[in-house]
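If you look up TrEMBL, you'll see Cys208-Cys229, Cys317-Cys338 marked as disulfide bond. The feature domain 'Ig-like' is assigned by TrEMBL to 45-160. The domain 'Link' feature in TrEMBL is assigned to 162-267, 272-364. Annotated signal peptide per TrEMBL: 1-28, in sequence order.
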Amino acid sequence: VCARAALGPRALLAAAWGVLLLTAPAGAQRGRKKVVHVLEGESGSVVVQTAPGQVVSHRGGTIVLPCRYHYEAAAHGHDGVRLKWTKVVDPLAFTDVFVALGPQHRAFGSYRGRAELQGDGPGDASLVLRNVTLQDYGRYECEVTNELEDDAGMVKLDLEGVVFPYHPRGGRYKLTFAEAQRACAEQDGILASAEQLHAAWRDGLDWCNAGWLRDGSVQYPVSQPREPCGGLGGAGSAGTGGGANGGVRNYGYRHNAEERYDAFCFTSNLPGRVFFLKPLRPVPFAGAARACAARGAAVAKVGQLFAAWKLQLLDRCTAGWLADGSARYPIVNPRARCGGRRPGVRSLGFPDATRRLFGVYCYRAPGAPDPAPGGWGWGWAGGGGWAGGARDPAAWTPLRV
């Protein structure tokens, strides 16, 4: 219990908060311990209320993280109240997001220019977050402080999207935790959370190879139980499920610098468009980049193809090159000749990059013009197609594809 005699002038506290507002670090604060001060009789204590459950957005969207506060007695006004939002990185790490004290507002790090208070009347501490990114996923703390009274609440921001398993050309079980993080980022994703993997399992994801998750654990989802994938029973599965329904098999937290597994990545709404480019004839991997560039695009990443399949319903029963050197194709409406009876992104692995086997999946960013609209592509009228060996791409002419 703290005595009021220890408070000192309110103006001194307000000035100290103002200094903190202008100088608070943008990085993670490790080992921070939250101190809650309680006044005798709880007269005028501040109470924070946040949304139960979670709020859901998508990459590129705008979301409100709801937070309101009030006093149990009417003796206090809203002047001199300090509002602070932080993101929970792990149980002992917090990243500053936004701080406000009266008219002084400041956003930190990647939240600059994207975060602001909603300001919907007295007691509203809700945060508006624009142009949501994959990295914004997670838990946020809303803290309200007045003199020595404070309270805090949690808001969880979830994203609509898709989980996809990934391993590089080198083969399975080749990635440390840090390498898995980089691999997901290179393929337009982030490491999936355990909650995201469990939701994907409920949607039917079945993958018999263990992969890293963002909390440092290693798990894998099994929708169709079988002996090579953890057995036919429910032992070792996490959450609901088990038995005939399989489950999410969990290896627990592993040594992130020494042990190697695959990765489970997560990606969300695609701001641009993925399209399949069928050249005059199949191209080797080196020709795929030139083919996409001729259409104002780049070779699509694995995460971009998964997002286009899941969220834009891209359905194409033709394999094409992707940016990591793999060949895949997306199936929304399963048919026997297209790889089985379940929807998904089919993979042909990592073929020899010099073989002319495939077309290519391209990604065009929002606003990028298509220099060859409709069914037109680029090549050489005299033959040679898209591969472009010794021929100069500057000499390409429009050709019907």
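Backbone N, Cα and C define each Cβ position, glycine as well.
All TrEMBL annotations are machine predictions without curation.
The residues of the domain 'Link' (162-267), classed with DSSP into helix (H, G, I), strand (E, B) and coil, number 25 helix, 34 strand, 47 coil. Rounded to a whole number, the C-alpha distance linking Cys317 (disulfide bond) with Cys229 (disulfide bond) is 28 angstrom. For the disulfide-bonded residues Cys208, Cys338, the greatest number of Cβ atoms within 10 Å around a candidate Cβ is found at Cys338. For Cys229 (disulfide bond), applying a Cβ distance below 8 Å and a minimum sequence separation of six or more within one chain yields Cys208, Tyr220, Val222, Gly246, Arg249. Note on the domain 'Ig-like' (45-160): DSSP counts are 6 helix, 66 strand, 44 coil. Taken together, the residues of the domain 'Link' (272-364) have an average pLDDT of 92.
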